[in-house]
């Protein structure tokens, strides 16, 4: 008997599974808020040199504020005050002659800056003066956060195999709350960066473990539905972020606001079950049977105890658990696993880099900051609905390839479209954003099905590491616009198309049986193994040590 057959006896997609997915939906809402919050907390409002010290010296006399700016700060080509420079001494002649002679000496701001607070009460830039030569530090805070996520991927990937999904989920909840709150009360940029790193580190556990639990408790034919529905939490949280940021314009309070769902998640943690698959694989058959009994009772399968005895779970092969402990090195030891690891790493890097490259670019489209972010988030919902049907009808490989290549095409269209056609550019960008999200939704489910059970947690841990690497570098790529305005878009376009073509080299997994061992992968090559009635009855379940089904 395979584990899928045991799960079918409890009703592999009943009220128990739906309740579990909803319980895990709540903390997942906070994830996109933290991941994309940099669009708001690191925003750089209009600013110019602080000239209040000159006013206190009585130099300006009865001049108005506009006149004081005129004689103190040079103007840029667009007529606005220079953000980083001031005249070495007041130029009173400019009150009668608006042209500024080129020989007039200018210096960098001597007494800090004055900021436009009409949109934001406070941001990282205004709090720590991250402007002018320190401007890159504002974007770098996103990179630091994603480096933390990258490190957390490896940490939680190992520990949730060793100590279980449920316990590590609680650790992730509590540590995320603590680190987020401390970062909100940081007194220096260094302190903020350190605790944002730790926040990203802790949040990774919520991302991976919640998906693992969802997938491991549902039957095979509902994997796609659960994967797509779970990802809706990202889109919902993303849309809510636009509302939160609009209402809460202080960066400290915004961090606390978007972290608050985790308090509720911690309170309802007690209702979340451990993975029966993990328990069986680790020899905890009695505990697994109790959870399966609860599942059957909740799903109104009263005859479960008569049809499945505890001894049946003992037939699950756990020999590998005692003979061989799998590590990340096993991803590279055999030819087909090495090929799979290389290709999925490239695809994940391309998916994440492109998605965040588009998500962090929410200016220059003729719309407000909040409205652009909301539209970017809202387009993800229909994209996910369409991708659900695409995954089932045309398969994972074609869907993954098509969404990535079309994302690159959208970016390419924007590169060659003049900036004055901002309406057309906005439509194409929103379409590209929807496609990039569709590629992200697909790659989570696809990767879960590609790796064998013994390496699934490690495989997804590695893939997530590559994704976070791409996400962490994206903000830095955005800084290349100072060299050439279109350079970031050219890079993201190339990455999207290249990773899409690499996805075509992966095997199809639609309706295929999940592979259990590395040997299965080596024998399978590109030919998937599909479910048959005979498979479900006669093939014994192999559930090794790290048994997980992750996303």
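Each position is counted from 1, following the chain as shown.
From the backbone N, Cα and C atoms, a Cβ is placed for every residue, glycine too.
A quick note: this is a predicted structure, and the numbers were derived from the prediction, not measured.
Record features, source TrEMBL:
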| type | residues | note |
| --- | --- | --- |
| TRANSMEM | 12-31 | transmembrane segment |
| DOMAIN | 89-511 | domain 'Major facilitator superfamily (MFS) profile' |
| TRANSMEM | 137-158 | transmembrane segment |
| TRANSMEM | 170-192 | transmembrane segment |
| TRANSMEM | 198-218 | transmembrane segment |
| TRANSMEM | 225-247 | transmembrane segment |
| TRANSMEM | 253-272 | transmembrane segment |
| TRANSMEM | 340-358 | transmembrane segment |
| TRANSMEM | 370-391 | transmembrane segment |
| TRANSMEM | 403-424 | transmembrane segment |
| TRANSMEM | 486-506 | transmembrane segment |
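At the 8 Å Cβ threshold, with sequence separation of at least 6, the transmembrane segment (12-31) lacks contact with the transmembrane segment (403-424), having fewer than 3 such pairs. If you average pLDDT over the domain 'Major facilitator superfamily (MFS) profile' (89-511) in this model, you get 87. Beyond its flanks by at least six residues, the transmembrane segment (486-506) meets 340, 343-344, 346-347, 349-351, 353-354, 357-358, 361, 397, 400-405, 407-409, 411-412, 414-415, 436, 439, 446, 450, 470, 474, 477-478, 480 of its own chain at Cβ-Cβ distances under 8 Å.
Between the transmembrane segment (137-158) and the transmembrane segment (225-247), fewer than three CB pairs separated by 6 or more residues in sequence fall under 8 Å, so the two stretches do not touch. Nonlocal intrachain contacts for the transmembrane segment (170-192), taken as residues 6+ away from its ends with a CB within less than 8 angstroms of a stretch CB, comprise 27, 30, 34, 124, 128, 130, 137, 141, 156, 198-199, 201-206, 209, 251-253, 255-256, 259, 262-263, 265-266, 269.
Counting only same-chain residues 6+ beyond the ends of the transmembrane segment (198-218), those with a CB under 8 A from a CB of the stretch are 7, 12-13, 16-17, 20-21, 24, 27-28, 30-31, 34, 144-153, 155-157, 160, 165-166, 168-169, 171-173, 175-176, 179-180, 183, 226-227, 230, 262, 265, 272-273, 275-278, 295, 444, 448, 457, 460-461, 464, 468, 548-551. Taking residue pairs at least 6 apart in sequence, the transmembrane segment (225-247) and the transmembrane segment (340-358) share fewer than three C-beta contacts under 8 angstroms.
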